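The active site annotation in Swiss-Prot covers ARG173, GLU338. The feature active site, proton donor is assigned by Swiss-Prot to SER242, with sequence analysis given as support. The domain 'FAD-binding PCMH-type' annotation in Swiss-Prot covers 26-196.
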Amino acid sequence: MFKNRFFNTMQIQNQVQLKPFNTLSLDVTASHYTKVKSIEDIEEALAFAKEHELNVLVLSGGSNMLLPQQINALVIHLDIQGIDVLSEDQDFIRVKVGAGQVWHDFVLYTTKQNWFGLQNLALIPGLVGASPVQNIGAYGVEVGEFIESVQVYDRLLKQTGSISAADCHFSYRHSIFKDDPARYIITHVTFKLLKQANLKLNYGDLKQAVGDNLTAENLQNQVIHIRQSKLPDPKEYPNVGSFFKNPIVNTQEFERLIAQFSTIPHYPQANGNVKIAAGWLIDQAGWKGKQLGVVGMFHKQALVLVNYANASLADVKKTYQAVQHDVEQRFQIMLEPEPVLYNNLGLIENHTE
């Protein structure tokens, strides 16, 4: 019989069901689990993992991960709260936010406070601590544009630290936290937000939806409305949001594509490359609304993979690999999954392995 083990402020639990904690609703059991509310909790959890020779899997909002049925590792569930104003002037406000804050709730809070910049990122699932990891983005805005620094516990140096936005090396769905995922545990994120509205409306149908009501609140509401009209609620249709990254191709590759598919949605990048809409590729490959067993691509948004009925990780992999195959056959583009894949030892695996 397993017993819970208590430390100063933290509790280790055994054989914990993680289905409520991952938005794809995969049936997953963790051999060891703890919820951390402070840096001291993190240090105690890491000491426990070292003592028991366990790998560590850091769980945030569970909205960007693919988990196996059994994880033999210590799952550290982040629950560090707090929204603290550090400083402000007439143009900017600096705010330090706990990694365990719900992202969407934080965005709503900034709008109520008349802090601007994050409204395009409303309704993205997950927690604040996960936002820098893959540099979350939507409707022409990436969170890295408004991050000043990221506060971390450095597992290599065994101490806390702060990493500037420049040193995070933010790019499309990427940061240093993806390059070295086992080193840093994000504890807080410091944002530098605008105090004067500067609405970004140059993406898709957003400008038309906002119309003449050029307020941050209306922009936020329109983003929420558009997302709700296209994207399924994970509580009703378990999913991880956009399942594939929008592929970025060079000029030569784009010229080949546009010559063959003249209506392909595309977005020129600053470096001369071109971003292609993955959802369109999936739709054209015949996968919008199509299922393979209990897993399929959503009928309103082909980019979203849905667990329709108690799918396993094997079911999910079978489906997304079939989508990759069909898209590659038609367009000679290999789609890259966004969510992180873990093995039963709590370690990150490559999707191609």
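The backbone N, Cα and C atoms fix where each Cβ goes, glycine too.
Shown on the structure are the features that Swiss-Prot records.
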residue: ARG173; record: active site; DSSP (3 states): coil
residue: SER242; record: active site, proton donor; DSSP (3 states): strand
residue: GLU338; record: active site; DSSP (3 states): coil
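With respect to their backbone Cα atoms, SER242 (active site, proton donor) and ARG173 (active site) stand 11 Å from each other. Within the same chain, residues at least 6 positions away in sequence whose Cβ sits under 8 Å from that of GLU338 (active site) are ASN64, GLN134, ARG173, VAL240, GLY241, SER242, PHE243, PHE244, LYS245. Counting other Cβ atoms within 10 Å of each Cβ, the active-site residues ARG173, SER242 show the lowest value at ARG173. For the domain 'FAD-binding PCMH-type' (26-196), the mean pLDDT of the prediction comes to 97.
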